[in-house]
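Structure first, then comments.
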Amino acid sequence: MAKFSNWRELKQLLFFSFPIIVSQIARTAMSFVDIVMSGHYATADLAAVTLGSSIWFPIFVLGYGTIIMLAADVAKQKAQHDDEGIKDSLKNYLFLAVILSIPIIILLMLVSWLLSFIGIDEHILEITQGYVIALACGVPSVMIFNVFRSFLQGLEDTKIAMYLSAGALLLNIPLNYILIYGKLGLPEMGGIGAGITTAIINNLIAVCLIIYFLLKKEYRRYRPDFSLPKYNSLIRTFYIGMPSGLALFVEMVFLDVIAITAAPLGAQVIAAHNIMLNITSIIYTITGGIAAAVTVRVGSYIGKRDKISLTGTIKISIALILSISAVIGVLIYYFAGSFISLYTNDNGVIIIALNIIFLLCLFQFFDSCQAALSGILRGFHDTRSVFYAPLFGYWLVGLPLGFILALTDWVTERMGIIGFWYGLVLGLFVNAILLFIILKVRQRGMISRLISY
């Protein structure tokens, strides 16, 4: 076994993370392009696509978060040279992806239907429902794509997903233009056209990734047969993956509830709040991408029973993610005006956003911290802690505190949106502390098992 080198591990982690980060940026940018191009078409379509996206993401991540655990399984099994285990894991997650697609589609349809009862403008409602239905048509394919992406991630083969995601972004722009504005003899579809474009692209990249898997000779031994998965194995897969999906769902819904609760504070306040959240989501594509790579590295070292490398990669990954987050935070703080002006020229919105900027820097630092810790714990297959910690931090600490500070005078004068951001920051801080404590306990237990092997 080669001697562990901090510098070599850092280089490998960065090299491995880069394609994952690019993939995540490309997928995030697709949603941004949908919103921008719909906004240029009509204000109603902008509102509808924004609303539709806020419905889509929380429901989708419930399934997505469940199947990304395949990467940790494959990394561990590859390290143990367990080809049959890898084949079975791929079969289980593919089967699970298809099964989960059904409730995801039903939930999307149900929520879009429930919008009819909350007094939304009829025209906006029609576009929103059409956009969500279009996205729902691509759910099975995007789930299958993410299964194969996670599978390849576990094998540390990440470039093909990066190329496909980048290609999807490039294809998204002309297809959106054709379908939104009704070119090449097609009718104008507005925001609904953006949803149809996304569904088409999701189907296309899923087919491309399946073809890549089937054509690559090294992966022939991993091809699953067409028999049904073993019941006990499938249930185990579900119980490992589902808490991971619930953790992402809890976070997304938490942010949505904050946005809804803050809505009475006015349009400028909500605009500033959404700009801040958008900035944090862009930052997360970087730190979250590294965290996804860390999950694989940790799973691999556990499979090799290499306690020295396991300890080393945990320390390096946390230091790397927090260092990057700190640098980004400093840049955002000192160039806040420039960043915010990219989103708006409304002076009222800019002033409100500038008042939030320090809290945003703290938010993204603690968010990066919890991303790193969650990534490591996923590598340990401890997904329950990844779920329970944010459930406590966000819902039992962050949300109540934010509500009290923002909308009541129980502690101090009403702080408005800044009060909600104090709640966001404290919720993430508590989540990060809990995850750190859990990690230290899990790490000691894992090291003890590796030593006793």
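Quick reminder: no glycine exception, Cβ is built from N, Cα and C everywhere.
Noted in Swiss-Prot for the protein shown:
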TRANSMEM  13-35  transmembrane segment
TRANSMEM  50-72  transmembrane segment
TRANSMEM  93-115  transmembrane segment
TRANSMEM  125-147  transmembrane segment
TRANSMEM  160-182  transmembrane segment
TRANSMEM  192-214  transmembrane segment
TRANSMEM  238-260  transmembrane segment
TRANSMEM  275-297  transmembrane segment
TRANSMEM  318-340  transmembrane segment
TRANSMEM  350-372  transmembrane segment
TRANSMEM  385-407  transmembrane segment
TRANSMEM  417-439  transmembrane segment
Message = Before we move on, state whether the transmembrane segment (192-214) and the transmembrane segment (13-35) share at least 3 Cβ pairs under 8 Å, counting only pairs 6 or more apart in sequence.
response = yes
Key: Chain residues in Cβ proximity to the transmembrane segment (125-147) (below 8 Å; excluding those fewer than six residues from its ends, i.e. six or more beyond)   = 44-45, 48-49, 51-52, 55-56, 60, 63-64, 67-68, 70, 90, 93-94, 97-98, 100-101, 104-105, 108-109, 111-113, 115-116, 189-192, 194-196, 198-203, 205-207, 209-210
Note = Outside the transmembrane segment (238-260), at least 6 residues beyond either end, the same-chain residues with a Cβ under 8 Å of its Cβ set are 54, 57-59, 61-70, 73, 93, 96, 270, 273-274, 277, 374, 378, 381, 383-384, 386-387, 390-391, 394-395, 398-399, 402, 420, 423-424, 427
Query = Given the transmembrane segment (275-297), which of the listed stretches 13-35, 50-72, 93-115, 318-340, 417-439 has the most Cβ pairs that are under 8 Å apart from it?
reply = 13-35
